[in-house]
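Peer 1: Provided herewith is a single structure, encoded as C-alpha cells, for subsequent inquiry.
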C-alpha cells in the first residue's frame, strides 16, 4: 500500500485526485492539506510515502515548504506552473518528481506515484526537458571554469616564482601592504621589498597593480 | 479557460499522437534486428509516426540521418562510434532519444551530457512510452524513464551548490 498526502488549495482538485487514487488498489490517501504550512504539519505526523504538492497556495507555497516536506515524505510536484526556475528549484530542494497538469493522462499519475514511492523519479515532458538542459548548462559552465582555473595555474607556473615569492604574491593579490605581508610571513619589510623586486622582474611588471593584474591572467602593459 | 491551459491539453494530445500537421519521422538505430523490427512495429502502430530508416550500423546511421533528416532518432547506446561521437553526429540532423541499459546514476547523468532530448531505460519502458517519448521530443520537450528521472533529480539535489567537484566545495572560487 502506498500512503499518499494531497496538498492543493483547490478542494475540487483535491477531491478529484482523492477519487482517482482511491480507484487504485494499492493507493491509500491518508490526508489532505490546503496550504504548505498545514502540509508540513500533516506530513510530519503521518509520514506518507508520497506527497502530491501544488505550488501556488495561500499561507506557504510549494517551493517554500518542499525541502521541509522532503524530510518526511517523497514529494511529487503536481502543478499547472511549468516555469523553468520553479521546476529546477523544486528538484534542487528535494522533489522526486514533477508533473504538469494537462501533460499527462490519469494512468500516468499512478505510475508517477508508484515510481516515486519506489525510489525512482518521474518527470513529465516539460520537466524532463528543463532538467536535461539545466544539468547540461551547468556541466558546460563547470568545464569552462575548470579549464580557466587550469590555464591560470599554467600561466602562474610559467612565471617561475619561488614558493616564498608565491606566498608574497598571494598576499599582495588580496591587497596587503608590505608591512602586513612582512608581519604575516614573519619577514622584515626589506626582505618583502626584495621579493617584490624579483617578482616584478619575473612578471615583467613595473608596479604592484600591474603585478597583480598579470598574476590574475591580465595582459597589462 | 486561459490559453496556457489549452496549450497544455494540446501537449497531452500530442503525446498520444493526435493530429499535429506534418508527420513525425523517425530513424531507428539499434544493434539487434529483432528489437529494431519490434520498435518499428510499435511506432508504426501508433498511426502518426513514420519510420524512415532502420539500421544497426553507425556509419549508415549518420549517413541516413544526414540524408533523411528524421525528426527524431532513436539510438541504442550499444551502437558506438569509436573516435567520433555518434550522438553528436545524429544530433546535427535530428532530435535524439537514447535507449540504454544504464541505471547507475552517474552513468545516466554522463549520458545526458550529450545532446539528447530523451532517455529510455530498458526494463522501465512500458508500452505507450516509446510513442509518447517520440511525440514529446518531436514537440520540443523531453522524456526520461523513471530510473533516468531518478538520476537527474538526484543530480539536481546534489547540485546545490556545485556537483562536479564534491570534495572541492567552492574553493576554486577563492582563486585570486
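The backbone N, Cα and C atoms fix where each Cβ goes, glycine too.
Sharing the feature lines straight out of TrEMBL:
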- A:3-116: domain 'Response regulatory' (DOMAIN)
- A:154-219: domain 'HTH luxR-type' (DOMAIN)
- A:54: 4-aspartylphosphate (MOD_RES)
Peer 1: Kindly assign the residue listed as '4-aspartylphosphate' to one of the three DSSP-derived states: helix, strand or coil.
Peer 2: coil
Peer 1: Please give the average pLDDT for the domain 'HTH luxR-type' (A:154-219) in this predicted model.
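Peer 2: In the predicted model, the domain 'HTH luxR-type' (A:154-219) has a mean pLDDT of 90.
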Peer 1: Within 10 Å of the Cβ of the residue listed as '4-aspartylphosphate', how many other Cβ atoms can be counted across all chains shown?
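Peer 2: Step by step: centre on the Cβ of the residue listed as '4-aspartylphosphate', count other Cβ atoms within 10 Å, giving 26.
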Peer 1: Can you count helix, strand and coil residues in the domain 'HTH luxR-type' (A:154-219) using DSSP?
Peer 2: 47 helix, 0 strand, 19 coil
